[in-house]
Amino acid sequence: MKKIIIGNWKMNKTVHETRDFIQKFDIFYSKNLGKIKDNLDFAIAPSFTSLALISTSKIDKLKVAAQNLSQFDSGAFTGEISAKMLQDLAVHYVIIGHSERREIFKEIGEDLTNKILQAQKYNLIPVFCVGESLSEFEANETEKVIIGQINEVKSVLNFEKAIIAYEPIWAIGTGKTATAQIAEQVCKLIKNNFGKNIRVIYGGSVNSKNINELLLQKNIDGALVGKASLDPEEFVKILANI
């Protein structure tokens, strides 16, 4: 199964800063071309304002990902961005269910289900995020939480095409990383319960120093990278260290 790396920029980088990133990324990538495996997929999820710029990269393999989408198809929904609009911008992947969306914007199962349906309708690949809080982790409730989150959407999610991203909330942007063994255990849990051929990736303080150990695990098929993906040189190092 192909490994995949997706950079999630969150609410960072202006259009000008994105142009600068792409120029530097192209240079660093070309210099490290011999170190990057041919069977590696990779994408960047910038803010909506910079989506079109990712496609200006000279590196054809770099795909465009979106951080969110509307649960509605079109119409009077001020401020929303539809799946059709994303498709028109050559978006390949879309992140759904990130813990920040669940916690800050109170997205629940019904919202996520509708977003998945919209993504799949327009041939976008959902990157469905699951993860437990620190208190849930310490209470040994990880399995219950992860299985429960996937069960909420399993009736509509096309597991053969979708990606499941395991991101323990306690490891997002904290500098804390689940050990490779913990990440492997949860990714294996997901595959055992929902299908061996599902693409399952890990997210949570991933960088060029820990990416190799993480992806050496049998059931981890890639990574969702946050802060480290904002630096073009570091992002290329991640790709080269797999």
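Glycine too: its Cβ is placed from the backbone N, Cα and C atoms.
In sequence order, Ala45, Ala65, Gln67, Ile95, His98, Gly203, Leu224, Val225, Gly226, Ser229 are the residues of the chain that are 6 or more apart from Asn8 (substrate binding site) and have a CB within less than 8 Å of its CB. What Swiss-Prot lists as substrate binding site is Asn8, Trp9, Lys10, Gly173, Ser205.
Residues or ranges marked as active site, electrophile in Swiss-Prot (evidence: sequence analysis): His98. Within 10 Å of the Cβ of His98 (active site, electrophile) there are 26 other Cβ atoms, across all protein chains.
Per Swiss-Prot, the feature active site, proton acceptor maps to Glu167; the stated evidence is sequence analysis. Around Glu167 (active site, proton acceptor), the same-chain residues six or more apart in sequence whose CB sits under 8 Å from its CB are His98, Ser99, Cys129, Val130, Gly131, Tyr202, Gly203, Gly204, Leu224, listed in sequence order.
The substrate site is defined by Asn8, Trp9, Lys10, Gly173, Ser205, and by the 8 Å test on Cβ atoms against their centroid, the other residues of the chain that qualify are Ile172, Val225, Gly226, Lys227, Ser229, Leu230. The Cβ of Ser205 (substrate binding site) lies under 8 Å from the Cβ of Ala171, Ile172, Gly173, Thr174, Gly175, Lys176, Thr177, Gly226, Lys227, each on the same chain and at least six residues away in sequence. With a cut-off of 8 Å between CB atoms and residues at least 6 apart in sequence, the same chain places Gln67, Glu100, Gly226 near Lys10 (substrate binding site), listed in sequence order.
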